[in-house]
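One structure below.
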């Protein structure tokens, strides 16, 4: 991973570093003084944030605090003033460039008006190229803002890590909410939207349909063909973190895309590792596993009763799979460092055996065999492999689509599982083997995993691990040469890195290699976490709160789903088919709700606002679920369940989106990655929830609902309080 200080220097546009060198050299003064002034202006008066200076100041503040030269209040004041000056410099330059772009578009508009009266094909082509040049300059400006915004986020996080949360919290709170906020100017790029709109409209009117009465406002859904507009929209989306349904859905998978642009060689290596059918097999594995998880939910209580246990033992039966998954997630994640094919084979075999045990438990009249079957199913959970395959073997250009496919497969599996259970209502015997609504889910899934195993043997292609080694040993000289070639493809991901003078590299080398407590300082500190302990040490307060929220929402969802058959049978006398339909409807709400949130709501509000709102809505759903009167109606149960489930789904997407933003980059790769941590948190929540259901069953089915909802209420209230305390650090 490239040090951000070096990346900032390499990605700067030369003409925007500073424009005072000519003035300095034509001013009468000694040559040595001129050189000193030039170096000073390179480091101080360029338009970019002086990240290296601020890093140095943060380290100096730490030493001054330790030596007692300054108190914390003075450090906060000095740091705030310095960052204010840096942001003001960025904002003023941004406004200046916006004005220049607007002026150029206005002048081009006059030329366009003339061409409309006197059409000229060559003139129209030249005008279109002129608009495209403005578009390229606009992309440069967006890249400039993005680079500076990243620098501000990083220096605030560095300051926060060195001195504690309250300093950065004070700065963000006081600056971002002020009516004259320059911080918001950088992060929201006020005014750029108008330039983008004007440029898009004019380029659209110069398309092949020129002369038509239609415009982009008449056909807002029609895609512009000019690649410059696509590049601008991509840059705006990246800068504002705005999203669409596909991106919002993909964020559920917590598969982090690297911000650094890929070279042509890296893209070629990614293409060599990518195999479409192998990706499809990974997604099918995800789908089948989720079906396997939820297909027993409508019938687990009846199965437990038929084996001589209480209906609430269904909590243990359902939760056994999650217990085993806590351990399987770790060894599957480690196994995927070496292979993807072998762990998937192992997963399929274990799941086949687990489902056979689950189905055979009925004729063996053994609750122990039933639970062993579910434990085996949990030991076969290869979701860590599925997620890792997408992260490592799918090219960056389609990784978001693959991530969205991963989440969609999970959601569809969650809906299809109960629906399939509702259809399996037959009862018959073949020899001594009983097939009924309790055992058929096990037999159906066993056959499904057997067929999947055959397909896996035939079609899966193990990616070539050697390409990863070759990627790390590429000749750096060729990369530098290619970085000089600035073309449209490179501008789409940001400007190419210009070659730096040897003297500048030497000047900055000492500070870049300086070892401090930042995660970017040394080679060792940039490595992926190698143990649960090292991963835990990388968790900041913000990340811990996000994991708590993830635990809370998974706990609330598991309570709702796992006890649904017991609750609905006790209060409403629902049969298995009715429960299956109810759970299937809940599962089917996942994609439409995410479509609405990802397409519209997430572009209207900040992620942290959605995070707080969805938690409050979830709390309302939990409170509304309590039985407080002598009667408990179907309307109350169904409405409260929908509120709880939908708000939890919205919360999951927003939570994982924020988690990928606030967690250390060292948790985006390796065995102990952010995806594994979130999976462990969610799985642990499911285990605790299912154990709570069984434990509460000893108090009687009549008290089951309120007793199991009480922990959900407490944990949800605690997560809201923690979110409030860390709210201003969630950016």
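Note: Cβ is positioned from N, Cα and C throughout, glycine not excepted.
In TrEMBL, the annotation transmembrane segment applies to 367-385, one of the ranges 367-385, 386-404, 462-480.
In TrEMBL, the feature transmembrane segment is placed on 406-428, out of the ranges 199-221, 222-244, 245-267, 406-428. Of the given residue ranges 680-703, 704-727, TrEMBL assigns the label transmembrane segment to 704-727.
In the domain 'SPX' (29-173), helix, strand and coil residues by DSSP number 129 helix, 0 strand, 16 coil.
Across 309-332, 406-428, 440-458, the stretch most heavily in contact with the transmembrane segment (344-361), judged by Cβ pairs under 8 Å, is 440-458.
Fewer than three CB pairs closer than 8 A are found between the transmembrane segment (440-458) and the transmembrane segment (309-332), and contact between the two stretches is not assigned (pairs 6 or more residues apart). Counting only same-chain residues 6+ beyond the ends of the transmembrane segment (577-598), those with a CB under 8 A from a CB of the stretch are 243-249, 252, 294, 297-298, 407-408, 411-412, 414-419, 421-423, 425, 561, 564-565, 568-569, 610, 638, 641-642, 645-646, 649-650, 653-654. Within the same chain, residues 282, 285-286, 289, 292-293, 296, 303-304, 307-309, 313, 316-318, 320-325, 327-330, 332-333, 335-336, 340, 343-344, 346-351, 353-361, 442, 675-676, 679 sit at least 6 positions outside the transmembrane segment (367-385) and bring their C-beta atoms closer than 8 Å to a C-beta of that stretch. For the domain 'SPX' (29-173), the model's average pLDDT works out to 75.
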